[in-house]
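Below: one structure in structure tokens.
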Amino acid sequence: MPKRTDIQSVLVIGSGPIVIGQAAEFDYSGTQACRVLKAEGLRVVLVNSNPATIMTDPEIADATYVEPITPEFVEKIIAKERPDALLPTLGGQTALNTAISLHGNGVLEKYGVELIGANVEAINKGEDRDLFKEVVEEVRKKIGHGESARSYICHSMDDVLKGVDALGGYPVVVRPSFTMGGAGSGFAHDEDELRRIAGQGLTLSPTTEVLLEESILGWKEYELELMRDKNDNVVVVCSIENFDPMGVHTGDSITVAPAMTLTDREYQTLRDVGIAIIREVGVDTGGCNIQFAVNPEDGRVIVIEMNPRVSRSSALASKATGFPIAKIAAKLAVGYTLDEIPNDITQETPASFEPTLDYVVVKAPRFAFEKFPSADSTLTTTMKSVGEAMAIGRNFTEAFQKALRSLEKKGSQFTFVGEPGDKDELLREAVRPTDGRINAVMQAIRAGATPEEVFDATKIDPWFVDQLFLIKEIADEIAESRELTADLLTEAKRHGFSDQQIAEISGLGEDVVRQVRHALGVRPVYKTVDTCAAEFAARTPYFYSSYDEESEVAPREKPAVIILGSGPNRIGQGIEFDYSCVHASFALSDAGYETVMVNCNPETVSTDYDTSDRLYFEPLTLEDVLEIVHAEQQAGPVAGVIVQLGGQTPLGLSQALKDNGVPVVGTSPEAIHAAEDRGAFGRVLAEAGLPAPKHGTATTFGEAKAIADEIGYPVLVRPSYVLGGRGMEIVYDETRLEAYIAESTEISPSRPVLVDRFLDDAIEIDVDALYDGEELYLGGVMEHIEEAGIHSGDSACALPPITLGGFDIKRLRASTEGIAKGVGVRGLINIQFALAGDILYVLEANPRASRTVPFTSKATAVPLAKAAARISLGATIAELRAEGLLPALGDGGTLPLDAPISVKEAVMPWSRFRDIHGRGVDTVLGPEMRSTGEVMGIDSVFGTAYAKSQAGAYGPLPTKGRAFISVANRDKRSMIFPARELVAHGFELMATSGTAEVLKRNGINATVVRKQSEGTGPNGEKTIVQLIHDGEVDLIVNTPYGTSGRLDGYDIRTAAVARSVPCLTTVQALAAAVQGIDALNHGDVGVRSLQEHAAFLIAARD
């Protein structure tokens, strides 16, 4: 039955900023869906607050709204655009919850908008834990299989305590309703833990409801991805097995597809139950994902939960099988059936054929505990990983070792040298699931543990344990052999060993192993992902490496450009870099090159099989990239490799690639060194006559102390060659400096520590620019709202700048040009400046695409990444202006006076992390980056744009109520004006004694409240922390004091996180918030699409 004719326009809701549990996979699914719907001739309206996504590019939808995803704003868009239908299943939990509220408050009915892709009843049956239990019971009556864990629904703490007795005691699982990524869930082993976890769960659940369940810790966990159309055709797209047993959130687990340890009969049972559930719930046009637990002792099957939408697992399943779930879900939503949709990859089989795999896929999660030293690293049912890598191999060991190597983290690959340690101690360590458990298991095996002991400690299935033993046996063979023979190398490679691992075991250099391997002719071949186990020919070149017989890479005539992606998402290197890689691929395709993408992140648009001409799903290590370059050179001419778009990962490979004779295009490895190495960069600045803050490099504490004494404290210390401010700290005195040097283990003459003067009270400025060797194109100038010293990735910023004048822009332009020329950039460069008093200091330069490129491109309506890719391959700025890729006149520094103002705000993952005692982690911003994503607010005035950015990131700013203020002495003077404004807007102020005193002297009334350290008052007056916990505070302003006195502040800020109260930690943020509150109180806040903003900017240029 072909598509419906009664729908002309569709509103698609995106997933907003990247947070833990809801990441780039929704950009991938949303982009696919928008393209499909547009190709079907529908008008597509999109709302998504995240500018770093491909889906918010103006060409993907017909009208793109970068606005907060809240029922209020989405209603404004519906009123303006009047769509016929709303598709909410592609934007994760955010989109689903928003659609449910719009349905509930009558907005959809009022404007005559139909929900497609999922009906409200099906969403509720899948999401509401009580209704879902009934569904599972129905299924069991019909087919005799499948049950739910015994459970108890609670709406208050009294219910919760009763529930434990009803379930027969601890441990119990706590799960809140309608949350995502396991937010607020956990295992409680005693009453203290129960009160803490359930209290937070009741707060986080929009329906104040939590479910207590019997514990099924240690059971095997599986997932099925299914799709169903309105004619009741159902396909099982993929089965996924979790390597880690129940108790670890599936997003934090190593997962394997297809499932490895199910018997045929067990698999059929899961299939039957899954198909019966999707029918019973009533998902009739789209995909869903169902999670199961199987008791290894008696085979009892429990259905854990389902997601009636496109999820993180569906992105993984799509990449693992080549079956594009999101694309097909969008087609089903507008009326097609599965048998009418062709399979893109074979082009001769329909989508109703279930994919079959002749390879194994392994996904491994990437964590960021090093960014939150106080956080508890135990893995639980609350998701904590920030990214993932996927690898494909011909067997489990090969895919598994490739996945670990793809994580690009020190110590992520198995190591087989040195003493493993004490067996019993290692087994004890392996009992607690953490990000490094798998390495502890391998060391325990090396120390002589038996398979039974490993299983008892970890409950990892015996089949997987055997595979780990197999990997260790191969390592022993390499260690015992006298020489590297062709047979030995082939065997090691077939089990996923890297040259680096083989080199370490045999005591040789990595390059020596590679030379021997090439001399013996042991090289990988590349196989195609074809959805059908080679039964039909694949038309899309989507490759993975294997040490097999024949290669499937076809020869070509056109010159190829190889683009290195950014690998797994992590804090500091996220989807923004993927955005630049995808744009480069599009631009170079248009310019007549064959584009080749290399990446291993399954969540992204870059690893979609139709983004580039060829896709290699491979780790981004030197060995893997060199083999791909070799394979492509055999196939046809290679114009070069682009390393400057994928962030720090490919940048770090540039010199080694060049040394191996690979043509690196764009900014040369030498130029990268000139910007990254402080000594070399100092010389560039000196030649251009530009001031940098006083600094020096040190390799010992003595040297560091001498520099700090000469510069004066506070100083900023950091290692060289890092991204995301890794390991940076502002040091206020000598004792802390000594401790910092002692903790930084990796100091060496080639990797010194940098000591810079820290500029207090400076305005930080970020510039993105293009340089072709002759001419500079200033992409955009962003003025940070927070002061210098807070990592630029965590700071909010405004473009065009709000307090800089024409003279400042002139100076910035001249300095940027001087640096770009001195370093030798060809393409993009990002420079951070600090304006202190009247002096413009250069903080650092990055000779690559920065994380602000997508934001700058959207704010100025110019595709910077596309232009950069062309410049890398020799185009000039003048040529690109003539072609129309860049504006004919002017640039991002000459925007019209009435240009819209865009504000970027960073989104932090504080709420996901707890320390071992269950307290939150501190929310103070510093020089080390901790945000996972970003949102953008755009409007004609700064106040409204800032208010939108806050609404998109943390929920709307309060417009009345009680505000608590407590600031450090250095901030007291600058706090008076914004505080007075708050009172004028009708806020009631509360403050600690010191701050209240200053306010009173300035004629501002504030109620004095007790600090946490003072305890409850004699007449039971609550402390500020108790007031926050009781929901009596609407806005918190708390700036930290130097290094001491942080503890009171810490308690206040962690309480704010636990209760989701807006908490501002700088006076600058307070001043911006006041402008935002003012805008909200005064005016009707409107919405405009990016296309309308762009039309305005383009008209202003002519």
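Counting begins at 1 with the first residue displayed.
Cβ from N, Cα, C; glycine included.
Annotation comment: Swiss-Prot describes 1-408 as region 'Carboxyphosphate synthetic domain'. According to Swiss-Prot, the ATP 1 binding site annotation covers ARG129, ARG175, GLY181, GLY182, GLU214, ILE216, GLU221, GLY247, VAL248, HIS249, GLN291, GLU305, on the basis of sequence analysis. Summarising the annotation, Swiss-Prot assigns domain 'ATP-grasp 1' to 137-334. Sequence annotations record features per position, and here Swiss-Prot assigns Mn(2+) 1 binding site to GLN291, GLU305. If you look up Swiss-Prot, you'll see GLN291, GLU305 marked as Mg(2+) 1 binding site, on the strength of sequence analysis. The Mg(2+) 2 binding site annotation in Swiss-Prot covers GLU305, ASN307, and the record cites sequence analysis as its basis. Sequence annotations record features per position, and here Swiss-Prot assigns Mn(2+) 2 binding site to GLU305, ASN307 based on sequence analysis. Per Swiss-Prot, region 'Oligomerization domain' is recorded for 409-551. The annotation region 'Carbamoyl phosphate synthetic domain' is assigned in Swiss-Prot to 552-954 on the grounds of sequence analysis. Residues or ranges marked as domain 'ATP-grasp 2' by Swiss-Prot on the basis of sequence analysis: 682-873. Annotation comment: Swiss-Prot describes ARG718, ARG757, LEU759, GLU764, GLY789, ILE790, HIS791, SER792, GLN832, GLU844 as ATP 2 binding site. Annotation comment: Swiss-Prot describes GLN832, GLU844 as Mg(2+) 3 binding site. The feature Mn(2+) 3 binding site is assigned by Swiss-Prot to GLN832, GLU844. Feature annotation from Swiss-Prot assigns Mg(2+) 4 binding site to GLU844, ASN846; the stated evidence is sequence analysis. Under the heading Mn(2+) 4 binding site, Swiss-Prot lists GLU844, ASN846, citing sequence analysis as support. Marked as region 'Allosteric domain' by Swiss-Prot: 955-1102. Taken from Swiss-Prot, the feature domain 'MGS-like' covers 955-1100, and the record attributes it to sequence analysis.
Could you place the listed features in the three-dimensional structure?
The Cβ neighbour count for GLN291 (ATP 1 binding site), using a 10 Å radius over every protein chain in view, is 19. Reduced to three states, the DSSP call for GLN291 (ATP 1 binding site) is strand.
DSSP gives ASN307 (Mg(2+) 2 binding site) a strand state.
Sorting the region 'Oligomerization domain' (409-551) by DSSP state (H, G, I as helix; E, B as strand; all else coil) yields 73 helix, 10 strand, 60 coil.
For the region 'Carbamoyl phosphate synthetic domain' (552-954), the mean pLDDT of the prediction comes to 87.
Reduced to three states, the DSSP call for GLN832 (ATP 2 binding site) is strand.
Long-range neighbours of GLN832 (ATP 2 binding site) (same chain, six or more residues apart, CB within less than 8 Å of its CB): GLU764, ILE765, ASP766, VAL767, SER792, VAL842, LEU843, GLU844, ALA845.
Of all the Cβ atoms in the protein chains shown, 17 others lie within 10 Å of the Cβ of GLU844 (Mg(2+) 3 binding site).
Counted within 10 Å of its Cβ, the other Cβ atoms near ASN846 (Mg(2+) 4 binding site) come to 21, all protein chains included. Reduced to three states, the DSSP call for ASN846 (Mg(2+) 4 binding site) is strand.
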In sequence order, which residues at least six apart in the same chain have a CB under 8 Å from the CB of ARG129 (ATP 1 binding site)?
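Within the chain, ARG129 (ATP 1 binding site) has Cβ neighbours under 8 Å at SER151, ILE153, ARG175, SER177, GLU209, LEU211, GLU305.
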Using Cβ atoms only, which residues of the same chain lie under 8 Å from VAL248 (ATP 1 binding site) while being at least 6 residues apart in sequence?
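Sequence-distant Cβ neighbours: ASN242, LEU379, THR380, THR381, PRO433.
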Secondary structure at VAL248 (ATP 1 binding site) (DSSP, helix/strand/coil)?
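DSSP assigns VAL248 (ATP 1 binding site) to coil.
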If one measures from the C-alpha of ASN846 (Mg(2+) 4 binding site) to the C-alpha of GLN291 (ATP 1 binding site), what distance in angstrom results, rounded to a whole number?
44
Taking the Cα of GLN291 (ATP 1 binding site) as the centre, which of the binding-site residues listed as ASN307, ARG718, LEU759, HIS791 lie within 10 Å of it?
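Correct set: ASN307.
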Of the binding-site residues ASN307, ARG718, LEU759, HIS791, which one sits closest to GLU221 (ATP 1 binding site) when you measure Cα to Cα?
ASN307
What Cα-Cα separation, expressed in whole Å, is found between GLU214 (ATP 1 binding site) and ASN307 (Mg(2+) 2 binding site)?
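So the Cα of ASN307 (Mg(2+) 2 binding site) lies 21 Å away from that of GLU214 (ATP 1 binding site).
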Over all shown protein chains, what is the count of other CB atoms within 10 A of the CB belonging to HIS791 (ATP 2 binding site)?
22
May I have the DSSP-based helix, strand and coil counts for the residues of the region 'Allosteric domain' (955-1102)?
76 helix, 21 strand, 51 coil
Where ARG718 (ATP 2 binding site) and ASN307 (Mg(2+) 2 binding site) are concerned, what is their Cα separation in Å, rounded?
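That separation, Cα to Cα, works out to 43 Å.
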Note down the number of other Cβ atoms within 10 Å of the Cβ of LEU759 (ATP 2 binding site), including every protein chain shown.
21
